Amino acid sequence: MKFVTTSSLGFPRMGPNRELKFALEKYWKGSISQDDLLHVARSVEDAAWALHAGLTKITVGDQYLYDFVLMMTESLGIVPKRFANQPPGIDRLFAMARGIDGAPALSMKKWITSNYHYMVPEYDETSQIHADFSRFLEDCRRGVTALGADCATPVLLGPVSFAYLTKISAPGMSKSTLVVLLLPVYQALMQELVGLGVKEIQIHEPCLVFNDPSITPLLDAAYPAILAPDVTINMVSYMDDVGDANYQWLMSATNGIHVVSLDFTRGDTLALVDKYGATKAIGCGLVDARNVWKFDPAKVLPVLKSLVSKGIAFRIQPSSTLQFLPWTVEREEKLIAENHPAVQVMAFAKEKLDEVVRLAKIAGCMLDGEDSNHLLADYESAWKSFVDSRVTSQSLSVRDRLQAVQLSDFRRSSDYLERRKEQLKGLPPLPTTTIGSFPQTSAIRRVRAAWKKGLLNDSEYQAAMDQQIAYCIGVQETLGLDILVHGEPERTDMVEFFGEQLEGIVFTQHGWVQSFGSRCVRPPVFWNDISRPFPMTTREYKVAQSLTEKPVKGMLTGPITILNWSFPRIDISRREQAFQVALCIRDEIRDLEEAGCIVIQVDEPALREGMPFRETERNEYLGWAVDAFRLSTAGAKSETQIHTHMCYCEFQDCMHAIDRMDTDVNSIENARSDNATLKAFKSIGYTKGFGPGLYDIHSPVVPSKEEIEAKLRSFLTVLDLDQTVVNPDCGLKTRGWPETIAALRNMVDATAVVRKELSTCLPCSM
């Protein structure tokens, strides 16, 4: 059997038990030292390295304390004016991530097409490059010591992607001039890495998948200019194919790159190899780093055979960093004990590394003309058993219902201008509300833990949650909010809560994945056709509405967000899975209306992140994604006001699709942005209700009443009075009660001031 090189591209950073998450939060509270924090981070990294046995190349220097981009921002010393007085180092990094008094945090955006977030670098008129890579180099040196110079592979975010992702406001500065400024810094850093004795360096240039022709001159400026001799350069891109132009650039003989690592699980990378050939070694991302399923031999083997037949040099690796996956299936004792059908075909990060080694052995057999069936038999058997287990009467009824869907099921019974007259009559101008969740306190978490351990019965748990709902309603009544929420104390996560109540979705015990900073989520796993056996939210709604005369929002998560924030099936289309969930949400809206609910929010923060890069695929996705949302909401009565919420993404390339969703109110994240998004929506003729976020809930800083007044006045220079709704930019579950109450009080008081200024306006009919 011939030897085939294997590489990793990164591993989950939080640890098998979220050790780094808890250490970060303790550090931010001041209960542990920086040395303690770094000790935990390095212990997690040591545990990850131990799982890579058998791989040829293992990444080092990538155990980030917040995110990949922010680490590079801090290491380069590129800080905007508001953080200029902060001393360099970890505390400045956290200040830029979370904000401090008088200095709002950097903007936060979704990472390509994932639910992971990064902090957007800023280069303003005061910014300069003051590079200090000492901690990064120390981490790489540690990796070389632990793994050996032949194996340890430092990871860098490339200068082109860094410049491409940076928000530039400095006069005379552009992405191309920033790349030029970065060249000597990267040159020096590369020399330092070579000095450590490493034999290979990974340079991640994820912007290659954006298919933007403006990237090419940036690439030409950076490569081979920054590269050092006597070291192999592996350029990595992921989450889609890189397109014709970028593939040809990567294969150019003049750019100094030796290995090209590409994603073979998304896009059509194999077609590019077929079309243009490969003059360099290809890192074949055949193991899906963004889903929890084992590789399917029927899908992977034809790709592998094609690569072998071409006679090109290649290595086997995951499709991207494995940070988007939980640590290991071995921790899922409950699913294993239940012998759940899905567990036999699950693979988390640890198991994906094993798959890399297995596929390398299969490739070695192919190269030698040897039989590899002994390496495939258990996989083929597991997949057959799993597929057979999913055919049930419940799954067949779901498919029958989908077949019966009509075009009329996607349309509200009246258009926006007509139904708006029937909705929420009597509210003042600039009605105030929140996005949905209120603080998830330690007391709530203790009650939930006791319930899950069987120490509380269902009635006792519900009574405890009802007390929390009553408190939330009381706070909102006292503050004077106009549209209330029940606060969601019973929900750990906006997707998890619904996933646990839907048939066809399975939940893990320890399947935590980092979303941003210390924030981790536990994505559901779609394993069968999806249905709703009973109402999911009506009980809590009734409790909340019984405590107030003001309208209480029914709070739901939309089908696209549930899909995009889950691990989907790989045997049917995402469209079909989204429509299955949409029918469940449609039924839930009907039950909420029957319970008396007249305003229902169906959140879709993940609509944008699932959008492909190529126009054809993008239009197809937006078509069925919007249809899924409309299928879920179009059955609502005209007098029911439908809200949605979106956050932390770019909207400019999908605004027409958002308009087509036909919501009555759309609340969006806007607190870390200027009014460009509002102006863009206005430019396409968006006239429906709009709730731009007035303050950043991800920062512990409480905005003053005056700051909120100014922000609201600025909104009204773009939006019409009667379409504007006042709200924070996201849910409040991660905040504490004192700061939550203080910020909402300032928001309500600021709104009252602006209302008074506009007292000559007609009352809002929203």
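Positions of Cβ are set from backbone N, Cα and C atoms, glycine also.
Noted in TrEMBL for the protein shown:
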- 6-309: domain 'Cobalamin-independent methionine synthase MetE N-terminal' (DOMAIN)
- Lys21, Asn115, Arg519, Cys520, Trp565: 5-methyltetrahydropteroyltri-L-glutamate binding site (BINDING)
- 430-751: domain 'Cobalamin-independent methionine synthase MetE C-terminal/archaeal' (DOMAIN)
- Ile435, Gly436, Ser437, Asp603: L-homocysteine binding site (BINDING)
- Ile435, Gly436, Ser437, Glu488, Asp603: L-methionine binding site (BINDING)
- His645, Cys647, His656, Glu669, Cys730: Zn(2+) binding site (BINDING)
- His698: active site, proton donor (ACT_SITE)
Among Ile435, Gly436, Glu488, His698, Cys730, which are recorded as recorded positions, the nearest neighbour of Cys520 (5-methyltetrahydropteroyltri-L-glutamate binding site) by Cα: His698
Spatially closest candidate among Ile435, Gly436, Asp603, His656, His698, the listed recorded positions, to Arg519 (5-methyltetrahydropteroyltri-L-glutamate binding site) (Cα to Cα): His698
Nearest-integer angstrom distance between the alpha carbons (Cα) of His698 (active site, proton donor) and Gly436 (L-homocysteine binding site): 15
Within 10 angstroms of Cys730 (Zn(2+) binding site), Cα basis - binding-site residues out of Lys21, Asn115, Glu488, Trp565: none
Arithmetic mean of per-residue pLDDT over the domain 'Cobalamin-independent methionine synthase MetE N-terminal' (6-309): 96
Nearest-integer angstrom distance between the alpha carbons (Cα) of Gly436 (L-homocysteine binding site) and Glu488 (L-methionine binding site): 7
From binding-site residues Trp565, Cys647, Glu669, the one whose Cα lies nearest Asp603 (L-homocysteine binding site): Cys647
Asn115 (5-methyltetrahydropteroyltri-L-glutamate binding site) and Glu669 (Zn(2+) binding site), distance between Cα atoms, whole Å: 15
From binding-site residues Glu488, Trp565, His645, Cys647, the one whose Cα lies nearest Ile435 (L-homocysteine binding site): His645
Protein Cβ atoms within 10 Å of Gly436 (L-homocysteine binding site), excluding its own: 25
Binding-site residues (Cys647, Cys730), the one with most neighbouring Cβ atoms at 10 Å: Cys730
Same chain, 6+ residues apart, C-beta under 8 Å of the C-beta of Glu488 (L-methionine binding site), given in sequence order: Gly436, Ser437, Phe438, Met494, Phe497, Met555, Gly731, Lys733
Residues Ile435, Gly436, Ser437, Asp603 [recorded L-homocysteine binders]: greatest CA to CA distance in Å: 12
Integer Cα-Cα distance in angstrom, Cys647 (Zn(2+) binding site) to Lys21 (5-methyltetrahydropteroyltri-L-glutamate binding site): 23
Lys21 (5-methyltetrahydropteroyltri-L-glutamate binding site) versus His645 (Zn(2+) binding site) - Cα distance in angstrom: 27
Env. residues of L-homocysteine site, Cβ within 8 Å of mean position of Ile435, Gly436, Ser437, Asp603 Cβ: Thr434, Val485, Glu488, Met494, Met555, Gln601, His645, Cys730, Gly731
